[in-house]
Structures are given as structure tokens and as C-alpha cells.
């Protein structure tokens, strides 16, 4: 059977194809049945690897010819011509380098099949789930409530699950909404267990406007189908009342900070256990007025509300600081060896997802897995996915490809961690032979972890558990919710606890960048840990994505700026030690330098403006009149052909659709000419003058309403809203320049000037087609009826008719 193995120096993932007899399979340990890892060896993937090698060879030949030609042509040329040639070749080299960095890490792709049902319940470790929220205006409390309810109702032993909610804004509204969720969970969780409904997010389950999975009559395992229908009506009525109460809180005068004189950036710390830990034995319910729960386990997992202390003048480190506060709080209350990180809008869409992630850590060889990353899927995205919110190319190609190396990159949400890995210890693979006490004294280092004795004891317990059990099946200390433990947890979330410690530098989530997720995952990979990619069917988690152009550009700006911050920090992939796989290093390098592409892309896209604004003979000749040689045309044709073949093969082996691939290409052009350029400027200011990168929280408001077509249109109203931002300026200029250049080419009949002018016009059209989604965004509601491409076709048709009429008159 297929199993995973790893080597000592590099964490290669491969497969063993030896076949076992039925007797051997019966005697095999259950861990050998949890995960099957298969290295892709199909004809498609082999052709894909071959075409990558072929295109790299063409690159070498092309640049050898290109540089020699440039030297010959500029030997007696002007300084302007030499500068133009230098910029052109530098841009081509950069584009080639980025393509290579993107493709090489995908050449060892594997697929994993998880057998969650093979995992005995007694082997499941305890788990802490972290939910983070910061602003009740941009992250509505009802969204957070639904996420909490989906976690509490997940198919996981309730006595082994604890949900922690971090309210980083200190809003009383959020706290009261979480209390309402705790009350409703007593009805919702048993209802989900009784009828096995999916998904276990009430808003999604009761919605008619969103495609959801509701148990069918044929698959229903309850006592009677009418009972499900009756219970569903009653629970829905209770949920509607919950919605009304939360809406009333939102509308009322409760958006005050937790303390009377506090603000979102200045308030005291609070830790409150809203639902006590349940007992270890099932507790059957009773037959009440609402539901008959006499045969259902009515236990609800523990729920803890946390609001860390904030004071003006102190660095709070945004989400990374909140995650580290949750890490310390949970350590003294439950100290589960496994941690699941979810944003407040990412609900559990598949109740088996938690078990599936655990399988990858309990599997043979899983002791070196630091985290399991699930793909991010989204609700409420427009059907055409205009701004590539689903990002399938990254999740289903890049992340899947990295799973064959040291594993996927950590992406901020939908990720399951091993607690010990967050404490900056080495994985078992790199422990010295015979040294079972490796890292024994780590917990005693107060200068790293802080001075809290109970917390240091919890760290020691977590590390001992990780060392003593090669498979993490041991049980952590029972969850303690007494006053002493809560008081200690409150002290651990004080804003001064991390002073003069290694928090944010070596311990926990990493500080110094707005993309703390990438930096945190990189530090784990740098120490030799692996990660795993877990794609389930149905999707494990689902969240929200910004469908408005302005919001989407600000989101991409934050990601790009954070990536550059990592590149200019001590977490640069080029500075990592030998434990990082060479191809994994290239993947991280690509992740941190891609915004620089905007510099060369803007230059290329604005070159058509040269003949429009100047009559310089040198510039004009370089841009339009220089005849391309047959060698150049041959190289361009070969590169474009191999690019198309690699893209087609990538689409085939990854399972994405050509439309998803094309949307990704289009929005890459939009991002590279806008948000990437702004990110380069922001990080340059930070490096040169110390100006911090601005952070703007992405709105997580879900579309409301269900039912008819009018409501469906209302769900996507944000798509057509035009909110002007400076990020749109460079892209709008690029679009205008290339449209004007195409119009000038038709008006001046430039195709008569030779192949160079034809290629220039083709490049203009290539840019305009890629910026089509951006043009739609600028048109707002007019884009519903008038397409920019249609307008261009009409304009060119009119120009062509005028030109023909002019010829006829001559």
C-alpha cells in the first residue's frame, strides 16, 4: 500500500509501491490506514515537467542571443538606446525568473487521501480552536456567531474540543453576541447530532439563496423523516429569534468598549469561560417542548471569550499579537496539543474536517508535521468571479504542488497546528540520536516565554507530550476553568507580558509584517518541520471574500506589502539554513519578491505612450519601427507556444477550469499594475525612513437575503459599487494608454510600417483584454449592459468603415 516516508537531510515526500498480502494488512497498525500519499506520475504531469524543462532551455538560448544582439546594436548607439535595451532585457530576465520560481516547486506534486473514519475516537487528541475578530462593523457579530456554532457542532468529541474567541476590539457588542451563541448552542448542537445535518452553520443551513447540503429522505438515518422537518422548523424559529436579538444589540447603544473609559486601542484584558468544559461521558437529553433529545448526547464543547489588554503607546502587532495571546490563554486552561486557526467568517462546512486534519498529524511520519493547511473556499462570490476571489490557481496548483516538498505555505486561516511547533522546538526528525530529552529545558527559559509559572508548566507539559508520544495520542491535562486559572489567563493577556521575551520573534506567531501567516509558516519550515495540504469533499471551511474592486485591491495591497516586509527581514528565504528544502526555498522567495514585477510591467505597459507624447527619433524607432528579425520572431513564437502548453497541462493535472486560470491571469495584471506597485512604494518608505505599512481590515460582511432574483442581484450589489482609490490610478493610465495606442495604430495605418508595429498593436490588445475586469469595475452598474470589449469592437468597426470609405473616395 502507498505510504509516506521522509529522508534525514531533505523532507522529500514520495511513495512506496510495494504490495502487502491481506494478512500483512490485517496486522498493520491503524496509523497506516489514515493517509495515503500518491505521487502524481500520470502522462499529463510528465509532459508538464518536460515542457518546463524545454521552456527553461529556450530561455537560456533566447537570452544568450538577446544579450549578444543588444551589445552589437548599442556599441555605437546613444545613451538613451542603451538605457532602453538595458531596461528591456532586465524586464525579460525578471519575468523569466519569476516564471521559473513559480513553476519549479510544482514538479513533485502529490495527492493525499485521508481515511478519517479509520481513526478511533479514543485516539483523537484534544483540540483548541482559535477564532479572531477585531471590528464589529467590518466583521458583523452574526457572522462570528455562526462560525462559533459551526465549531461547537463539529463531529468531534465535545470533551476534547474547546473554542476560544478573541475580541481584539474590546467591543461589548461582540461579547454579548458570543454569549447569545453560547445559549443557542445548547439547542443547535444536539439538533445537528440528532439529524446529522450539513453544513452546521445555521445561516447557511437555513438559507434558500445559497447552495447547501441538506440531508435527503433516502439518506436520513433518524427515526422518521417528518421528525426532521418538524425539528427543523422549530430550530429555525429559535435561530430567527437569535438573529433578531443580535440585530437589536447591533442597533442599540452597546457598541461601547468593554470598559467604560476604554477604546478599541486602549482597554483592559478579559478572559471569561462562557461554557464550562463538559464531562467525559455522554449525557443524554430529555424530551422537551422543542425537541426530543432523549437519545442524543447534549454535551456542548467549552467556549471561552478573550479580550487582550491594549494600551496607547504599546505595539499590539495586530492579528499576530491576538493569536499569541490566545496561545497563552489556552495553555493554562486546556493546553490541547492541536490548535485550529479560523477567521471569524470561516465556518466549518464539513463536520469531519477536524478529524481529517488530525489524521495527517497522527499518520506514520506525521510527528514532523507542524501544520495542516486547508484550501480556502468562499461564499457570496459573483458567479463570474470577476476579481479571482476563489484563487483556484494558487490553492489547487501552487499549494498542492508544495505538498510534495516540505508542504504548503500557511495562509492565515483554515490551518491546524501542533502546539509544540509554535514553541520554537525542532521536529523529531532533527533530534540527536538517543537524545529523547531534546528541548527539555526550553520551558524553563523565562526570558523566552515570560515569567508565568503556570504557563511555563503548561509549555513543559506540551513539549513532554510531543516527545513521549511519537504519535500525538496522549491526553493533555483536563480543561480547568476555576477562578485561579482564569485569573492567570487574564494576566497572560496583559500588554506588558511579552516585554523582553522571544514572543513574535521565535515563539508563536511572528511579528514585523502584516502577513504574519507566511512568516510564521516559514519559521517552522526553516527549523525542519513539514506541513501538509488537506483538501476534503465537501470543502472543510468556507468564508467570505471582497467582491468590490476597491476592497479587493486593498486586500492584495496588504498581502503584497507583507511579502516585501518579509523579504527585507531576518526571515528572508535566502538566509534560511540547510533544513529548508531547495525548492521550498524558491517557493518562499517567489512569495516574497513577486510585487517587484510591477516595476517592469508598468514600464512595458506604458511604452506605447512614447510615440503618443514624443517625437524623439530614438524612442520612436525603438518602440515601433525597429524590424524584428526572424530569429526574434521564432523565439517569441516558441516561448508563447511552450507557455500555452504548460498552462494547459497545469489546468489538466490540477483540476481547475480554463476559465478559473484565465480569471487568475486577468487579475494578476490588474494587481501588478496597481496594488503591487503601491506595496513597493510603501515598503520602500518603511525601509528608508521607517514609515510603517498601513493596515486596513478586510470587510467580512456576508450578503443578506435569500429568495428571488431581485435578492440575488442585491447579494452582488457591492460588485457594482464604484469607490475611487488612488490604487486605481496607474491601472487606469495603463488602460487609457493602450486603448489610445490601438486607436492611433488604426488611424495612422501603422500596420504598413512592418511587423514591429503589428506586434506592438498585438501587445496593446493583450494588455487591454487582461484589464477587462478592471474596466468593468470602473463602469459600475453600466457594466451590466455595456461591456468594455463590446465598446472597443464597435469603435474599431466604425474606424475601419471610415478607413474603407476614405479609400473608396480616393
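A Cβ is built for glycine as well, from the same backbone N, Cα and C atoms used for every other residue.
If you look up TrEMBL, you'll see 47-63 (among others) marked as transmembrane segment.
Taken from TrEMBL, the feature transmembrane segment applies to 83-101 (among others).
What TrEMBL records for 138, 139, 168 is UDP-alpha-D-glucose binding site.
Marked as active site by TrEMBL: 168 (among others). Taking the Cβ of residue 168 (UDP-alpha-D-glucose binding site) as centre and 10 Å as the limit, one finds 26 other Cβ atoms among all the protein chains shown.
Contacts of residue 343 (Mn(2+) binding site) defined by a Cβ separation under 8 A and a same-chain sequence distance of 6+ are given as 131, 132, 412, 413, 543, 700, in order along the sequence. Per TrEMBL, the feature Mn(2+) binding site maps to 319, 343.
Residues near residue 517 (active site) in space but far in sequence (CB under 8 A, at least 6 apart, same chain), listed by position: 409, 410, 411, 412, 415, 509. Residues or ranges marked as active site by TrEMBL: 517 (among others).
Listed as Cβ neighbours of the transmembrane segment (593-612) (distance under 8 Å, sequence separation of 6 or more from its ends, same chain) are residues 87, 90-91, 94-95, 98, 560-561, 563-564, 567, 619-620, 622-624, 669, 672-673, 676-677, 679-680, 683, 730, 733-734, 737-738, 740-741, 744, 760, 763-764, 767. According to TrEMBL, the transmembrane segment annotation covers 593-612 (among others).
If you look up TrEMBL, you'll see 632-655 (among others) marked as transmembrane segment. Among residues of the same chain six or more beyond the transmembrane segment (632-655), those with a C-beta under 8 A of the stretch's C-beta atoms are 40, 42, 44-45, 47-48, 51-52, 54-55, 58-59, 61-62, 65-66, 103, 106, 109, 392-393, 396-397, 400, 661, 755.
The transmembrane segment feature in TrEMBL is assigned to 667-689 (among others).
What TrEMBL lists as transmembrane segment is 724-746 (among others).
Taken from TrEMBL, the feature transmembrane segment covers 758-780 (among others).
The transmembrane segment feature in TrEMBL is assigned to 786-807 (among others).
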What's the longest C-alpha separation between any two of 138, 139, 168, the listed UDP-alpha-D-glucose-binding residues, in angstrom?
13
Of all the binding-site residues given, 138, 319, which residue's CB has the most CB neighbours within 10 A?
319
My understanding is the cutoff is Cβ-Cβ under 8 Å with a sequence separation of 6 or more in the same chain; which residues meet that for residue 139 (UDP-alpha-D-glucose binding site)?
133, 344, 345, 697, 699, 700
Neighbours of 138, 139, 168 excl. site residues, C-beta within 8 Å of centre, UDP-alpha-D-glucose:
133, 134, 135, 136, 137, 169, 344, 697, 700
Whole-number Å value for how far residue 319 (Mn(2+) binding site) lies from residue 138 (UDP-alpha-D-glucose binding site) (Cα to Cα):
15
For the transmembrane segment (83-101), sequence-distant contacts whose Cβ falls under 8 Å of one of its Cβ atoms, 6 or more beyond its ends:
55-56, 59, 63, 66-67, 70, 73-74, 586-587, 589-590, 593-594, 596-597, 600-601, 603-604, 618-619, 622
Long-range Cβ neighbours of the transmembrane segment (47-63) (under 8 Å; 6 or more residues past either end):
89, 92-93, 96, 99-100, 103-104, 107, 635, 638-639, 642-643, 645-646, 649-650, 653
